[in-house]
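Notes follow once the structure below has been shown.
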Amino acid sequence: MDGVGSFGAGRTGSTIDPITFVKQPQTILRVLTWIFSLVVFASIVNEGYVNMGSERLHCVFNKNADACNYGVFVGLVGLLACSFFFLLEYKFSSISSVKDRKKAVMLEIGFSGFWAFLYFVSFCFLANQWSRTEPDELPLNQGADAARAAIAFSFFSIITWAGLTVRAVQKYLLGTDMTLFTTEHMDGGAPTQPYPSNSPGATTTETTETYQNPPFTENNTAPTYQVPIY
């Protein structure tokens, strides 16, 4: 992560190379996190509910509907959040305001850290409920693979979300090179420029100048002539 620009991004308005962007560690982590969230969400939605001899569907995790609902919630929101932060990261260099960049980085730190914690809870919750599930509750081992996949990828998601948190903290610690931004970039408003001295809106300053008489001046007193004596 280079320190050029503000919070690890390039100068404002700089072009983004898609290949370089894809190769960035945070981009790779975010793609992995997106995939892991998709697996957790899809596994529970598709095979997390089984019919155990009745018309009613039961959650494979010890018939605890809260376990399935929690896994679906964490996976779905994590999936959407990854998509949002992926777009935010791609457009980050186009954000001209330093304050807006700081807010975006702080939002990423807070959300990534919080979601790593929620995935930790998900892993513990699902693993605990799965350990209490009796084999006879799942005829023909229905939903077992989906349950194991949800538990495993919940654990992997802890690592990736924690990695994204670390990357966001590193970006925040880089800070801002204030010389790269104008007043407009820092405050988000139009820059204020002083009026030139010869403009109509300029403030007129009175100056006192001392003038001296020119070296050759006319003397109003008539000259005195003497009559020559022959």
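Quick reminder: no glycine exception, Cβ is built from N, Cα and C everywhere.
The following features are taken from TrEMBL:
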- 21-173: domain 'MARVEL' (DOMAIN)
- 31-50: transmembrane segment (TRANSMEM)
- 70-88: transmembrane segment (TRANSMEM)
- 109-130: transmembrane segment (TRANSMEM)
- 150-169: transmembrane segment (TRANSMEM)
- 188-230: region 'Disordered' (REGION)
- 211-224: compositional bias 'Polar residues' (COMPBIAS)
Range from 31-50, 70-88, 150-169 with the greatest count of C-beta pairs under 8 A to the transmembrane segment (109-130): 150-169
For the transmembrane segment (150-169), distant same-chain residues with Cβ under 8 A (at least six beyond the ends): 1, 25-26, 29-30, 32-33, 36-37, 39-40, 43-44, 48, 71, 74-75, 78, 85, 105, 108-109, 112-113, 115-116, 119-120, 122-123, 126-127, 130
Mean of pLDDT values spanning the domain 'MARVEL' (21-173): 90
